[in-house]
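Features reported for this protein in Swiss-Prot:
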- K80: active site, schiff-base intermediate with D-ribose 5-phosphate (ACT_SITE)
- D23, G152, G213, G234, S235: D-ribose 5-phosphate binding site (BINDING)
- R164: D-glyceraldehyde 3-phosphate binding site (BINDING)
Amino acid sequence: MEQGTIRLKTGLAEMLKGGVIMDVTTPEQAKIAEEAGACAVMALERVPADIRAAGGVARMADPTIVKKIMEVATIPVMAKARIGHFVEARILESMGVDYIDESEVLTPADDKYHIDKRDFTVPFVCGCRNLGEALRRIAEGAAMIRTKGEPGTGNVVEAVRHCRQVMDEVRMLCALPEAEVPNFAKEMGAPLELCLLVRKEGRLPVVNFAAGGIATPADAAMMMHLGCDGVFVGSGIFKSGDPAKRARAIVQAVTNYKDFALLAEISRDLGEPMVGIEISTIPSGERMQERGW
């Protein structure tokens, strides 16, 4: 890829539509994800549930781990950089990862600026809780957006909240007279030209995936019904009783989200799901979704 134009980068992200992206920490997990039908894997040192449990500062994964996963995977490999840490992102780009996630799962490195993603060849994915956050990230060069949800909880409620918030605000924008769009853009803290584009297209100008707390095939199918283009699954697979079977079931659920009889069938005997966390028990300052601006 010689030139990382936004058209080219968003085109690469479009290729993942209708798919499932799975967090993996070892080459063995990467093969399980690939055999289950994942469209890409996210290479990590620790899944979000373990990052949450360990506390402290979470940084970019050791390049050795990322490289080992890249060596065995024949599907695209993503990796996470800290919010604002453009050097971590440059390191990952130099290694040849297919996508970089500027992620709130890791401890932010800059409390004022996100990475300027326009100057990179590699496409970026970023999280959002609302339309304003989504459009600010797109203005910075993000080629793909996902809900933030609340990672590492196995609780889908925040992903649902963020998805509905974005969709509601898109509908609100589309219903506005054009003369009122500049004020809407100002209130959102989003570029006017992107607001006008969303109003014209009736959706975000990039692929929009669900992420944060998805643990079951039913969770994944619900996010597709809400209008997402695909699903990220973090801790929900490899923190469960039968990762290979659950991974296959979630891929099938995303592909066949309208077939409720099939959803019932693939949801049988998946082993123990990951232990979930009720969001209200997480103190406000410890919620990963609050990272970023």
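Including glycine, each Cβ sits where the backbone N, Cα and C put it.
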Going by DSSP, give the three-state secondary structure for S235 (D-ribose 5-phosphate binding site).
helix
Neighbours of the D-ribose 5-phosphate site D23, G152, G213, G234, S235: Cβ within 8 Å of the Cβ centroid, same chain, sequence order.
V47, P48, A49, V105, P151, T153, G154, G212, I214, V233, G236, K239, M274
Report the member of G152, G213 (the binding-site residues) whose C-beta atom has the most other C-beta atoms within 10 angstroms.
G213
DSSP output for K80 (active site, schiff-base intermediate with D-ribose 5-phosphate) maps to strand
Would you mind pulling the longest C-alpha to C-alpha span across D23, G152, G213, G234, S235, which the record has binding D-ribose 5-phosphate, in angstrom?
12
So if I draw a 10 Å sphere around the Cβ of the residue listed as 'D-glyceraldehyde 3-phosphate binding site', how many other Cβ atoms end up inside it?
13
CA pair D23 (D-ribose 5-phosphate binding site) / K80 (active site, schiff-base intermediate with D-ribose 5-phosphate), Å rounded to integer, equals 10
For S235 (D-ribose 5-phosphate binding site) and R164 (D-glyceraldehyde 3-phosphate binding site), the CA-to-CA distance in whole Å is 23
By Cα geometry, the one of the binding-site residues (G152, R164, G213, G234) nearest K80 (active site, schiff-base intermediate with D-ribose 5-phosphate) is G234
Reported as an integer number of Å, what is the Cα distance between G152 (D-ribose 5-phosphate binding site) and R164 (D-glyceraldehyde 3-phosphate binding site)?
20
Can you tell me the CA-to-CA distance separating the residue listed as 'D-glyceraldehyde 3-phosphate binding site' and G213 (D-ribose 5-phosphate binding site), as a whole number of Å?
15
